[in-house]
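A short worksheet on the structure shown next.
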């Protein structure tokens, strides 16, 4: 399940492009998540009033949360699988406070790959996409394990 050094390099190379416009990427990812999977919006009390793409696009709060999401994910990805210290507090809040199901982590993982592929098609070919899928799967599996430690079946 682990990634090779080459796969981690592919993940971190494309992640550098994401970080060059983290607000734009984060906003696009959350907008797409809520549009493709409207049920996920139920977990975000402060975004429930955002029912149209126009409202989502205009929301500074949504943009700000997108930065938070991708900043945290970036910290985890940069650990190349050795992310226990970064993952544990994130899993704890997502399990005990926000109660985010693992299925929603799958949804956002799919959306992350779609959005990166749209924004960076020339730099995010099949090999890079496969590496990112593996990295996000590792993240989700480790989150699911931590969820169980916190008593959340998610």
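Including glycine, each Cβ sits where the backbone N, Cα and C put it.
Listed features, source Swiss-Prot:
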DOMAIN    2-148  domain 'Globin'
BINDING   65  nitrite binding site
BINDING   65  O2 binding site
BINDING   94  heme b binding site
Near the Cβ of residue 65 (nitrite binding site), how many other Cβ atoms are there if near means within 10 Å?
17
Report, as a single number, how many Cβ atoms besides its own are within 10 Å of the Cβ of the residue listed as 'heme b binding site'.
22
Quick check for the class: what is the C-alpha distance, in angstrom and rounded, between the residue listed as 'heme b binding site' and the residue listed as 'nitrite binding site'?
14
How does the domain 'Globin' (2-148) divide up by DSSP, counting helix, then strand, then coil residues?
118 helix, 0 strand, 29 coil
